Amino acid sequence: MILSDRDLKYYLEKSWIKIQPLREDTIRENGVDLRVGNEIARFKKTDKIFDPDNPDPSFFQTEKGEEFIIQPYEHVLLTTEEYIELNNDVMAFVNLRSTFARLGLFIPPTIVDAGFKGQVTIEVVGSSFPVKLKRSTRFIHLIFARTLTPVEYPYQGKYQGQKGVTLPKFNSQISSFYYQHQSI
């Protein structure tokens, strides 16, 4: 079941969904808008090979600021201003607000799992021309859905509790939680 604005207000009142800071214009008809945070990570152009078994953070350049220029076809990681917490029976689909999609910006399909807590880090792919993003601009839209029952294993993954832009985490950094709960 997709949550409407009324449902969202009720879930927020009951603390089944938490969003900090929560502004008046955040809650929309069938979802919540989240804002551009104060940090991005740019993917560096290189011929060097990235090895997931031996991750090297030098492939990224992290920046803090009040505004960011996304260059043509550039890939960046962006964080939201808001910190969210989802109950064990609530998940969210992340979409780019249509105004930015109409500029040619793109984000891949992304899900926020039931039980997640943290700021959302999202990949953004640039348009065919530079686009300026300012901190606190409503940028992504979360559509919340309630699961029929609470999930058996709420999200406890490697990005739980993340604050700021979070670079990818691989094998040696992955919690064994997921593997402990797989059927054989």
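Every residue gets a Cβ built from N, Cα and C, even glycine.
The active site, proton donor/acceptor annotation in Swiss-Prot covers GLU123 and rests on sequence analysis. Annotation source Swiss-Prot lists dCTP binding site at ARG97, SER98, THR99, PHE100, ALA101, ARG102, ASP113, TYR155, GLN162.
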Inset, instruction - Using the structure shown, find which entry in ASP113, GLU123 (the recorded positions) has the sparsest Cβ neighbourhood within 10 Å. - result: GLU123
Inset, instruction - Return one of helix, strand or coil for ARG97 (dCTP binding site), based on DSSP. - result: coil
Inset, instruction - Mind giving me a neighbour count for THR99 (dCTP binding site)? Other Cβ atoms within 10 Å of its Cβ, every protein chain shown. - result: 11
Legend entry - Mapped DSSP class for GLU123 (active site, proton donor/acceptor), helix or strand or coil: strand
